[in-house]
Amino acid sequence: MLHLSGTLIFLISVELKTAPADFRFPTTNQTRHCFTRYIEFHRCLAAKGEESGECERFSKYYRSLCPGEWVDKWNEQRESGTFPGPL
C-alpha cells in the first residue's frame, strides 16, 4: 500500500504464466508447440476423462500458446471428424 499526496494506492501482484519451456521446440516459432499441446490435452481427456483434473495443465498450456481462432477451427474439425492430428 502506498500513500501519494493523500491518495491511497493498493498494489496488486498478478502472476502470469505460460507453458514451460519444452526442449522439443527450441525456436521462437511456437506453432508446432501449440499444436502438440492441443493434441496432448485431448489425448489426456480421452484417457482420463473430462472429470479428471489431471489434464488441466495441458489446457492452460495450449490456451496460452495458441491463437483462439486456431482452437475454434480445431474444435470444429474434431466435432466433424476432419481434425488433421492424431488424437
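Note that the numbers count up from 1, one per residue, in the order the chain is shown.
Here the Cβ of each residue, glycine as well, is placed from N, Cα and C on the backbone.
As annotated by TrEMBL, signal peptide applies to 1-21.
Residues annotated as disulfide bond in TrEMBL: Cys34-Cys66 (among others). For Cys34 (disulfide bond), the same-chain residues that are 6 or more apart in sequence and have a Cβ closer than 8 Å to its Cβ are Tyr62, Leu65, Cys66, Trp70.
Taken from TrEMBL, the feature disulfide bond applies to Cys44-Cys55 (among others). Neighbour count (other Cβ atoms within 10 Å of the Cβ, all protein chains): 17 for Cys44 (disulfide bond).
Here Cys55 (disulfide bond) comes close to Phe41, Cys44, Leu45, Lys48: these same-chain residues lie at least six apart in sequence, with C-beta atoms under 8 angstroms from its C-beta.
Within 10 Å of the C-beta of Cys66 (disulfide bond) there are 20 other C-beta atoms, taking all protein chains into account.
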